[in-house]
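Accompanying notes for the structure given below.
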Amino acid sequence: MAQRLDGKALAQKIQAQLATDISQRDPNLRPPGLAVVMVGDNPASAAYVRNKERACDRIGITSFGSHLPADTAQETVAELIDQLNNDERVDGILIQLPLPSHLDSVALLNRIAPDKDADGLHPENMGRLMRGEAGLRSCTPAGVMAVLKEYNIDATGQKAVVLGRSILVGKPMALMLLAANATVTMAHSRTEDLPALCRQADILVAAVGRPNMINSDWIKPGATVIDVGINRIEDETSGKARLVGDIDFASVEPIAGAITPVPGGIGPMTVTMLMHNTVLSYRKRFNG
Ligand code: NDP
């Protein structure tokens with residue numbers, strides 16, 4: 001049976017450490033601040049924003065929420081970002097995605113000051129990752145790397161396959177594994193014979209968004225399997241909605257070496273790395 005990689009427990013541990021660090025700051029300094037910008041009323045986004053604000057409260061980060069109506073103009077959101085870039089109380093800015101379709105999300109993400117880019121998605125921070133320089137890292141893949149580190153899973157010389165090539169997850173994930181000395185293959189919807197490719201992986205990261213797509217036939221025995229996918233499906237017996245990953249956990253757990261569950265795996269780590277990035281920006285600002 002695979003070892004379960006408990007992202008929830010690790011997230012709690014890191015958040016507790018961040019809370020201690022913040023409580024022990026120079027009392028003359030303000031606490032760190034995170035601004036969360038949400039446009040429209042997407043219920044999933046609202047739940048994510050609530051989660052992030054609760055995490056801020058627990059840790060001692062001041063959260064500044066801006067909830068704008070769905071029909072807000074591009075220029076208005078851009079002006080808000082400019083204000084937050086100049087707001088001395090704010091160390092991190094997060095735009096909750098997806099934005100309504102009339103907004104140009106790339107232009108808005110690129111407008112965030114790179115040193116306040118808590119999500120690590122600005123081209124400058126992505127470029128720094130590409131170049132192997134220090135910078136704010138994308139939260140989800142950074143969360144995956146933190147889990148590997150916690151469980152002493154060394155990527156050096158390992159064959160890693162990353163399923164998915166999005167800017168949010170797949171691409172930065174591949175770069176982080178490369179930086180950790182893995183031999184990395186990126187796969188996507190046009191890749192041929194995915195199961196055969198995945199069976200070569202010592203470390204498999206799935207970030208596809210297809211419920212239970214990957215079963216035991218795709219897995220090398222003993223591999224580390226990281227499930228980034230979060231998919232809402234209807235439970236066949238209860239009829240209620242529940243969350244599953246891209247990995248068919250029941251079939252893969254018996255043959256993998258280590259596996260992250262959904263929920264309780266990478267999800268809580270993503271929020272935690274957002275807090276971590278905000279505190280990192282804060283420390284840089286105050287040399288603390
Ligand atoms: P995207 O939809 O942006 O990207 C999905 C990627 O998967 C694309 O590169 C796509 O390939 C590839 N893909 C889709 N279908 C297949 C297929 N049948 N075979 C092979 N590859 C396929 O999604 P995200 O990267 O934003 O998110 C991926 C998953 O991770 C989602 O379930 C999302 O909810 C979850 N997620 C979880 C987070 C967490 O905190 N745990 C945070 C962010 C996302 P192509 O490029 O060719 O289209």
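Every residue number used here counts from 1 along the chain in the order it is shown.
From the backbone N, Cα and C atoms, a Cβ is placed for every residue, glycine too.
Listed in TrEMBL for this protein:
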type    : residues               : note
BINDING : G164, R165, S166, I230 : NADP(+) binding site
DOMAIN  : 5-119                  : domain 'Tetrahydrofolate dehydrogenase/cyclohydrolase catalytic'
DOMAIN  : 138-284                : domain 'Tetrahydrofolate dehydrogenase/cyclohydrolase NAD(P)-binding'
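Looking at the residues that bind NADP(+) per the record, G164, R165, S166, I230, the two CA atoms farthest apart are separated by 16 Å. On the 0 to 100 pLDDT scale, the model's mean across the domain 'Tetrahydrofolate dehydrogenase/cyclohydrolase NAD(P)-binding' (138-284) is 97.
Counting only same-chain residues at least 6 apart in sequence, those with a Cβ under 8 Å from the Cβ of I230 (NADP(+) binding site) are G209, L243, G245, V262, P263, G267. Counting other Cβ atoms within 10 Å of each Cβ, the lowest count among the binding-site residues G164, R165, S166 belongs to S166.
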